[in-house]
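The structure appears right after this line, and notes come after that.
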Amino acid sequence: MTRAEPAFKIKNANFPLFVLHVHTTDMDRFKSELEARLTQAPGFFTETPVVLGLTPIADSGVTPDIAGLVAFMGAHGMRAAGVLGGSQEQRDTAVKAGLGLFPDAPARRAPQQTEAVPEAPAEAPLPAPTKQPELPGLEAAPEEDEPAQAPAASQAEAPQPESLPAAPALKPTMVIDKPVRTGQRIYAKDANLVVLAIVNAGAELIADGDIHIYAPLRGRALAGAHGNQDARIFVHKLEAELISIAGCFQVFENGVPENVRGKPAQVRLDGSRLILEPLAV
């Protein structure tokens, strides 16, 4: 007898998500500034799931009207998928508003206390220090990569705080050798992206690393999707609708600036400002 297929399957999946970090408890100000920003990119967030980052206001002692904020976001096409961080009261309020809870970055373990052991003979070499293992971060929503600690100058120095984990190595580069059509979205997860053909208007490229386009870019390009501020975009002919690095984006409603329009260019991030520079080729 043939066994029937199960009615459903549950699998783990990773998707690039936008995180809207809330830096104020003044919701009138927040909505005003958010609305002004969204008018720069009409339709960009249409039916797009967005995570609310509450970590910046977790210690404020104030719980904003999350249900009202969700309704405001929905009116502008943003679909609140859940919250990241926040105080317990803020997270409870989010649950009552119908939102899910994304796990925040796990707390680092403090060094464990060990029992005293007999002192080793003077001539015996001391054991090499070992790092306390850490829980892997669950990247439910893209966050900024953490820098690796520089090597210690010598073992004689005082013990330093436990180093932050190095950024994960990128996977092999994803290469696209066909035109990217209008409405098509390509995501290079944990990788750089290379495109050898035209990216049409209405198409979207997303990469956690750099994006290289050896053809005209007429759609959207979003590099450093998981918060890599060192990511860059290189393009043979810049005619983009929108570019973004690590969540900082710029919309070209009135066309690309003259100094790089239709020319080879690179895009990089300087603080929170996007820099568009022509390439000498």
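Backbone N, Cα and C define each Cβ position, glycine as well.
Quick caveat, the model's predicted, so the values are computed rather than measured.
The compositional bias 'Low complexity' annotation in TrEMBL covers 110-123, 148-161. Per TrEMBL, domain 'Septum formation inhibitor MinC N-terminal' is recorded for 8-79. According to TrEMBL, the feature domain 'Septum formation inhibitor MinC C-terminal' maps to 175-276. Per TrEMBL, the feature region 'Disordered' maps to 103-170.
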Average the pLDDT scores across the domain 'Septum formation inhibitor MinC N-terminal' (8-79) and report the rounded value.
84
Its residues classified by DSSP, the domain 'Septum formation inhibitor MinC C-terminal' (175-276) shows 0 helix, 53 strand, 49 coil
Its residues classified by DSSP, the domain 'Septum formation inhibitor MinC N-terminal' (8-79) shows 25 helix, 12 strand, 35 coil
